[in-house]
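Annotations for this protein, taken from Swiss-Prot, read as follows:
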- Cys45, Cys48, His49: heme c 1 binding site (BINDING)
- Cys193, Cys196, His197: heme c 2 binding site (BINDING)
- Cys330, Cys333, His334: heme c 3 binding site (BINDING)
- 31-134: domain 'Cytochrome c 1' (DOMAIN)
- 317-407: domain 'Cytochrome c 3' (DOMAIN)
- 1-23: signal peptide (SIGNAL)
Amino acid sequence: MINRLKVTFSAAAFSLLAGTALAQTPDADSALVQKGAYVARLGDCVACHTALHGQSYAGGLEIKSPIGTIYSTNITPDPTYGIGRYTFAEFDEAVRHGIRKDGSTLYPAMPYPSFSRMTKEDMQALYAYFMHGVKPVAQPDKQPDISWPLSMRWPLGIWRMMFSPSPKDFTPAPGTDPEIARGDYLVTGPGHCGACHTPRGFAMQEKALDAAGGPDFLSGGAPIDNWVAPSLRNDPVVGLGRWSEDDIYTFLKSGRIDHSAVFGGMGDVVAWSTQYFTDDDLHAIAKYLKSLPPVPPSQGNYTYDPSTANMLASGNTASVPGADTYVKECAICHRNDGGGVARMFPPLAGNPVVVTENPTSLVNVIAHGGVLPPSNWAPSAVAMPGYSKSLSAQQIADVVNFIRTSWGNKAPGTVTAADVTKLRDTGAPVSSSGWNSVSSGWSVFLPQPYGSGWTFAPQTHTGQDAAQ
C-alpha cells in the first residue's frame, strides 16, 4: 500500500499545490478552491498521482504490488483522460468508497479505507480544487500489468466490503481534547499514516485503522520499497517515547531534528506534504501521536553504553566484526559515539530505525544510500552515499550487526551476507529473523525526488513541487 504512505502552508503558499497552475473558472469559489488545495496537501495526492518528471496529477507512477504492476491514474480535470466529467457524487464515491465511475472497485493502493472518514466538507473543497484549481492534462492512463486471473477486479469488491469501513464523517469521542481530535482526524483520515506505519494482515489489509482498533495501529509497518515505517506509538526504544511534541512538530515541518532525520519514503512525505501543514495542524498531530500508549509489552528504556565509543577510540577494532568498517566508512559522520551531527547526520545510538525488529531500512540505506531533502524550513539537502559497490555483502552485514548491537542498542536477530545480497540484487527485504522473505504488504517504488549522491550544496525549495 501506498501511502505516502503519507501528514505549513504559509499565507503566501496556502493556495499553491505541487506544480499546478491554478485554472480557476469565473464561477469557482476561490476560498473553497484554496481550501481544497490544502486538503490535497494533507492527503499528499501529488506524490502518487504524478510520475517522476511527469505533469502534476496526470498519473503514470509505477506501483509494484504483490499481484503485479499498477499505475496511478490521471486525476486532472481533463474531460477525456482525467476526472473532468466526474460529478461530486462520483468523485466522493471514488475517494471515500473506493468505487470508480464505471462501478468497479479501485485497487487499494488508493488508501480509501482511511479516506472513508474524511468529512463531506473537506471532500467538497477537494472536488472544487481538482475541478477548478488543477491544470487539465490530456494524458491517457496506463493499463495495469497484472496477469489473469489476478487481473479480475471483482475480488477487489469483496476486499473492499471486508476491510474498508462505510464512509462516515469523522466524529471524535465525547470529551476529547479538540486538538487531539484534530490530530486524530489528520492522522487517520487524509494523512493516511497507517497505510505505511500499521502492520498488515493476511489479505494485506491494515490490522487497525485507528486507535480503537487495537495496539497494532501505527505500531510499525511492513517493508515498502525496502523502507520500514517505524512505530509511531510511545515506546521509548522503537517508537516516539523519547520524542517531545515539539520534536514531532519540527520533524514534520523540516524533516530533521537534533536526534533524527527523514530518509526513504518519508522524505517524499515531508517534501511534498507535511512541510506545508499549518502550525496548528502540525501541533495537533504531535499531540495526538503522543497520546498513543506503547504496544505492550514495552521494550523498556534505552540506556547509552559508552564502551563502544571507547573501543573505537582506542583503535582495537580488528577483533570486532564490522567495527573497522564503521571507523573507515561511517564514523566521520555518525561519530565514534554513534551520536551523529545534529540536524544533518542522525545518531545511530538508540535510533528506533536501527533497533527495530526488521533491519531492512538500515541494510537498504547502507547499500543504496539516502537523501535528506531540502524544505522551506531547512533548505540544504544532504545525501548519504551507497556502499553496495565498495563494500562486500559480508562487510555490509557485519557493519549492520555492529551498529545494531553497539552503544546500548539491543536489536534482535542477525543479518547475513545472503540477506544483503538478496536485497542488493533483487530488492527483496530482510526479514526480522535474519533470513530472506517476500514483503508482506505493498512494495512501492517511488524514487527520491532529489536524486542521490554526496552533496552539501545549499538548495532552495519554493513551495512548488519541483526540485530547485
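Each Cβ is built from the backbone N, Cα and C atoms, and glycine gets one as well.
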If I take the alpha carbons of Cys333 (heme c 3 binding site) and His197 (heme c 2 binding site), what is the distance between them in whole Å?
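So the Cα of His197 (heme c 2 binding site) lies 28 Å away from that of Cys333 (heme c 3 binding site).
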For the domain 'Cytochrome c 1' (31-134), DSSP counts of helix, strand and coil?
44 helix, 12 strand, 48 coil
Please work out the number of neighbouring Cβ atoms within 10 Å of the Cβ of Cys196 (heme c 2 binding site), leaving out its own Cβ.
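Its Cβ has 31 other Cβ atoms within 10 Å.
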Looking at the binding-site residues Cys45, Cys193, Cys333, which one has the fewest other Cβ atoms within 10 Å of its own Cβ?
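Minimum Cβ neighbour count within 10 Å, taken over the binding-site residues Cys45, Cys193, Cys333, occurs at Cys333.
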Give, as a single whole number between 0 and 100, the mean pLDDT over the domain 'Cytochrome c 3' (317-407).
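Summing pLDDT over the domain 'Cytochrome c 3' (317-407) and dividing by its length gives 94.
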Select the most exposed residue of Cys48, Cys330, where exposure means the fewest other Cβ atoms within 10 Å, treating these as the binding-site residues.
Cys330
To the nearest whole angstrom, what is the C-alpha distance linking His49 (heme c 1 binding site) and His334 (heme c 3 binding site)?
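Spelling it out, the Cα of His49 (heme c 1 binding site) and the Cα of His334 (heme c 3 binding site) are 36 Å apart.
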Tell me which residues of the chain lie with their Cβ under 8 angstroms from that of His334 (heme c 3 binding site), as long as they are six or more apart in sequence?
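Non-local contacts for His334 (heme c 3 binding site): Gly340, Phe345, Pro346, Pro347, Leu348.
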Hey, for the heme c 1 site built from Cys45, Cys48, His49, who else sits with CB inside 8 A of the CB center?
Gly43, Asp44, Val46, Ala47, Thr50, Tyr57, Gly59, Leu61, Ser72, Ile75
DSSP three-state call for Cys196 (heme c 2 binding site): helix, strand or coil?
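For Cys196 (heme c 2 binding site) - judged by DSSP and reduced to three states - the answer is helix.
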Measuring Cα to Cα, how far is His197 (heme c 2 binding site) from Cys48 (heme c 1 binding site) in Å?
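A Cα-Cα distance of 17 Å.
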Whole-number answer please: how many Å between the C-alpha atoms of Cys330 (heme c 3 binding site) and Cys48 (heme c 1 binding site)?
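Cys330 (heme c 3 binding site) to Cys48 (heme c 1 binding site), Cα-Cα distance: 33 Å.
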